[in-house]
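Taken straight from TrEMBL:
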- 39-74: domain 'EF-hand' (DOMAIN)
- Asp52, Asp54, Ser56, Phe58, Glu63: Ca(2+) 1 binding site (BINDING)
- 78-109: domain 'EF-hand' (DOMAIN)
- Asp91, Asp93, Asp95, Lys97, Glu102: Ca(2+) 2 binding site (BINDING)
Amino acid sequence: MAFAGVLTEADITAALAACQAADSFKHKDFFAKVGLAAKSADEIKKAFAIIDQDKSGFIEEDELKLFLQNFSASARALTDAETKAFLQAGDSDGDGKIGVDEFAAMVKS
């Protein structure tokens, strides 16, 4: 598992179970349940690097859509509405993507 050493399997399972239904994903709730909100800045940067699949230094909309699948391959894709809301919540500079500092701020908010 990509998040081994950063997050526990039990926390990941519980967080994914809480947002199984379409349009039930809320990033603040997910970050708290999965344990990411309580992690150090370095651990949050490690999580960002895992989610940034193309290693561009940003999490783009297509990566956000598949966000939950970073935690479990069997997790669902986010709906278009969830993806747009997630991007809007994290994209503080309006460039259409989420940088590592924006991600860290979103996790800690």
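Even glycines carry a Cβ here, placed using N, Cα and C.
Structure coloured by features recorded in TrEMBL.
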{"residue": "Asp52", "record": "Ca(2+) 1 binding site", "CB count, 10 Å": "20"}
{"residue": "Asp54", "record": "Ca(2+) 1 binding site", "CB count, 10 Å": "10"}
{"residue": "Ser56", "record": "Ca(2+) 1 binding site", "CB count, 10 Å": "11"}
{"residue": "Phe58", "record": "Ca(2+) 1 binding site", "CB count, 10 Å": "18"}
{"residue": "Glu63", "record": "Ca(2+) 1 binding site", "CB count, 10 Å": "20"}
{"residue": "Asp91", "record": "Ca(2+) 2 binding site", "CB count, 10 Å": "19"}
{"residue": "Asp93", "record": "Ca(2+) 2 binding site", "CB count, 10 Å": "10"}
{"residue": "Asp95", "record": "Ca(2+) 2 binding site", "CB count, 10 Å": "10"}
{"residue": "Lys97", "record": "Ca(2+) 2 binding site", "CB count, 10 Å": "19"}
{"residue": "Glu102", "record": "Ca(2+) 2 binding site", "CB count, 10 Å": "19"}
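When averaged over the domain 'EF-hand' (39-74), pLDDT in the model lands at 96.
Of all the binding-site residues listed here (Asp91, Asp93, Asp95, Lys97, Glu102), Lys97 has the Cα closest to the Cα of Ser56 (Ca(2+) 1 binding site). Cα to Cα, Asp93 (Ca(2+) 2 binding site) and Phe58 (Ca(2+) 1 binding site) are separated by 12 Å.
Checking each of the binding-site residues (Asp52, Asp54, Phe58) against Lys97 (Ca(2+) 2 binding site), the C-alpha distance stays within 10 Å for Phe58. Between the alpha carbons (Cα) of Asp95 (Ca(2+) 2 binding site) and Asp52 (Ca(2+) 1 binding site) lies a span of roughly 16 Å. Sitting within 8 Å of the Cβ centre of Asp52, Asp54, Ser56, Phe58, Glu63, and not among those site residues for Ca(2+) 1, are the Cβ atoms of Ile51, Gln53, Lys55, Gly57, Ile59, Glu60, Lys97. Note: the Cα of Asp91 (Ca(2+) 2 binding site) and the Cα of Glu63 (Ca(2+) 1 binding site) are spaced 14 Å from each other. Helix, strand and coil residue tallies for the domain 'EF-hand' (78-109), in that order: 20 helix, 2 strand, 10 coil [DSSP]. Recorded residues Asp54 (Ca(2+) 1 binding site) and Glu102 (Ca(2+) 2 binding site) have their alpha carbons 18 Å apart, per Cα-Cα distance.
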